[in-house]
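Asks: Supplied in structure tokens, the structure appears directly below.
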Amino acid sequence: MSEPEFQQAYEEVVSSLEDSTLFEQHPEYRKVLPIVSVPERIIQFRVTWENDKGEQEVAQGYRVQYNSAKGPYKGGLRFHPSVNLSILKFLGFEQIFKNSLTGLDMGGGKGGLCVDLKGRSNNEIRRICYAFMRELSRHIGQDTDVPAGDIGVGGREIGYLFGAYRSYKNSWEGVLTGKGLNWGGSLIRPEATGYGLVYYTQAMIDYATNGKESFEGKRVTISGSGNVAQYAALKVIELGGTVVSLSDSKGCIISETGITSEQVADISSAKVNFKSLEQIVNEYSTFSENKVQYIAGARPWTHVQKVDIALPCATQNEVSGEEAKALVAQGVKFIAEGSNMGSTPEAIAVFETARSTATGPSEAVWYGPPKAANLGGVAVSGLEMAQNSQRITWTSERVDQELKRIMINCFNECIDYAKKYTKDGKVLPSLVKGANIASFIKVSDAMFDQGDVF
């Protein structure tokens, strides 16, 4: 069976490990690879519901429970027509290592449903969620497997899924994260991935410039227009940066003078009703007051002028090798991924070559991989689990402070492990290799201790 997305994720981890001195210094870790690459459990199930026309529909549901050595399975649910086992295995495999970098007790998993929610009524979406949870509820629990949202599963869907679980199991427990604030959710959870991405990028800037620079005055190109992109954009604007692009599946918007926080707010409210960026630009007054250019069928990378920072926040493989070259030519110095596997292997090679061959800071290009740069969402999910177990709610200041601490600790671990096990950067160490090595060692040690590997 061909599983290209999973194979790409697996080979990226293995290549980092093979290119390091880890197996030379600790040959016993090599035994972990064939074990950790196989999920502990894959659950596939039929989901049927009645649509608004009174017709029965059916779709394939999945939950990949990948690894629980570090804690309960933890990872999102994706409702999208592209959902298949290869994509969920790739996401679940990445989730194992990403979760380990948070420093919280979480394993890795991923699930979803192959369905398109666009154009469906709230009532039908509720029926879909209840039908999906009817089977999933047999396999999850607050100490077993704690799903969250992902593409196609936002606050509304989490609410329906949680209500279904509570109804089927007669139990109120922290079995899902991303819940509403008045029924067990955490403050800062919607913002967490975007904010965390910016905090990680800020740590990159601090390290590379010895604390001399920040987001202030930086030109930032962002893709996507969902939660991650919106909150990353708002945090960049708050920190004094200029956001020059956003995008969706149909095209992108470019603003050389900068997209405003008011425009981001309009995008946020309109996206709830599945409006495209093209519709939003034409319908909302904030876009007539502060002009932007809409480019149909395009990603932003080759359409922006000079940029300092690129934050892919849309979907997998959204930055090609040629687009990576264009970004480097336009002056980009920092790339950090808000999307999972946002850059193709060819694009990562372009960024990593620009880093490893640089002879001085002014030439260096630094790439922050998704398993480190975008773990803010799952980190705050872990904090939501902690709050649920204590039946308390933390303040937004405390959650934000914990998020910053987790992102900075993650960055420092990536640096430390890269320095210890790799020697390929004169100016800056590889965060790709650092993240892969650090997370692999954490998971491997837990598996050795518990007898999963012997």
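Each Cβ is built from the backbone N, Cα and C atoms, and glycine gets one as well.
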Asks: Can you tell me which of these residues Swiss-Prot lists as ubiquitin cross-link: Lys291, Lys371, Lys404, Lys419?
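Replies: My reading of Swiss-Prot gives Lys371.
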Asks: Which of the listed positions, Lys74, Lys169, Lys275, Lys325, does Swiss-Prot note as ubiquitin cross-link?
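Replies: Record lookup in Swiss-Prot returns ubiquitin cross-link for Lys325.
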Asks: According to Swiss-Prot, which residue out of Lys235, Lys333, Lys433 bears the annotation ubiquitin cross-link?
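Replies: Record says Lys433.
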Asks: Cα of Val198 (NAD(+) binding site) to Cα of Lys325 (ubiquitin cross-link): how many Å, rounded?
Replies: 23
Asks: Out of Ser2, Lys110, Lys325, Lys371, Lys433, point to the one nearest Gln202 (NAD(+) binding site) in space (Cα versus Cα); all of them are recorded positions in the record.
Replies: Lys371
Asks: So how many other Cβ atoms are close to Lys325 (ubiquitin cross-link), meaning within 10 Å of its Cβ?
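Replies: Its Cβ has 17 other Cβ atoms within 10 Å.
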Asks: Which one is closest to Lys110 (active site) in space, judged by CA to CA distance, out of the recorded positions Gly174, Lys325, Lys371, Lys433?
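Replies: That would be Lys371, the closest of Gly174, Lys325, Lys371, Lys433 to Lys110 (active site).
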Asks: Fill in the CA-CA distance, Ser186 (NAD(+) binding site) to Lys433 (ubiquitin cross-link), as an integer in Å.
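Replies: Distance (Cα to Cα, whole Å): 32 Å.
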